[in-house]
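Undergrad: Dropping a structure here in structure tokens format, bear with me for questions.
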Amino acid sequence: MYHKKRRKARSKNKNKGGRAKKENICLKKKIWLQKVKLAYFDGRGIAEPARLILHFAKVDFEDFRFTHEQWPEIKPKTKTGKAPYLEFDGHTLVESYAIFRFLARKYGLAGKGEYEEALVDAIADIQKDFRTSVSTWLYVKMGYRPGNADELKKPHFYDAVETYIPLLLNYLKESKSGFLAPSGLTWADFTVSEFLITILQEESTILDKYPEMKEYLKRVKSIPELKEYYSSRKE
């Protein structure tokens with residue numbers, strides 16, 4: 001009787017193990033079969049954090065890039081007439097931060113727990129305010145909007161840096177992880193680091209007062225999963 005029970009138990013455990021293995025294979029197959037397409041202009045821009053999340057997670061995705069000359073033909077085919085947009089497993093998502101949050105939750109870059117997820121969202125929204133302020137000057141400088149770039153540079157570039165960099169630096173120091181959130185790397189690091197690259201391209205000495213932010217940027221760009229992509233992409 002004892003041996004029969006043991007044989008039944010082994011058989012039962014074997015069946016459980018077999019089912020778990022099949023379920024795992026099915027899950028991996030489903031992930032592999034998911035069709036992912038990210039569409040944006042051929043440059044870093046506001047879509048780059050999404051590209052970084054996907055590359056970090058080693059997702060096989062279509063990085064659909066187009067020129068400004070091609071955009072008028074593509075624009076009417078989009079849901080909102082805006083880019084970027086993400087096609088994921090039959091669904092279309094728009095608005096860059098909605099895309100970042102979706103991908104971050106899916107691939108473990110949203111923060112650990114409800115509080116930290118909210119913290120990460122807050123940091124990203126601070127970064128968004130920073131970008132909005134600088135863009136007022138930058139778009140005029142680039143010729144996308146009318147205005148006097150020289151007059152706008154101090155309030156919307158220099159003053160914005162003096163306002164927002166210390167705020168972000170406080171989060172970096174408080175986290176004690178080397179990244180902006182206590183648990184480590186999150187999607188907020190990609191939004192912040194990408195914008196730091198942008199302002200450094202405009203003025204290479206703009207972060208000289210903030211060496212910790214320059215070290216932070218180097219740290220993000222040294223993430224093993226992304227080193228190859230960083231070295232090959234257009235800056």
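Even glycines carry a Cβ here, placed using N, Cα and C.
The shown structure was predicted, so the numbers you read here are calculated from the model rather than taken from an experiment.
Pasting the relevant annotations from TrEMBL:
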type	residues	note
COMPBIAS	1-19	compositional bias 'Basic residues'
DOMAIN	34-111	domain 'GST N-terminal'
DOMAIN	113-235	domain 'GST C-terminal'
REGION	1-20	region 'Disordered'
Undergrad: State the mean pLDDT for the domain 'GST N-terminal' (34-111).
TA: 96
Undergrad: Could you give me three numbers for the domain 'GST C-terminal' (113-235), the DSSP helix, strand and coil residue counts?
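TA: The composition, in the requested order, is 89 helix, 2 strand, 32 coil.
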Undergrad: If you run through the domain 'GST N-terminal' (34-111) with DSSP, how many residues end up as helix, strand and coil?
TA: 30 helix, 19 strand, 29 coil
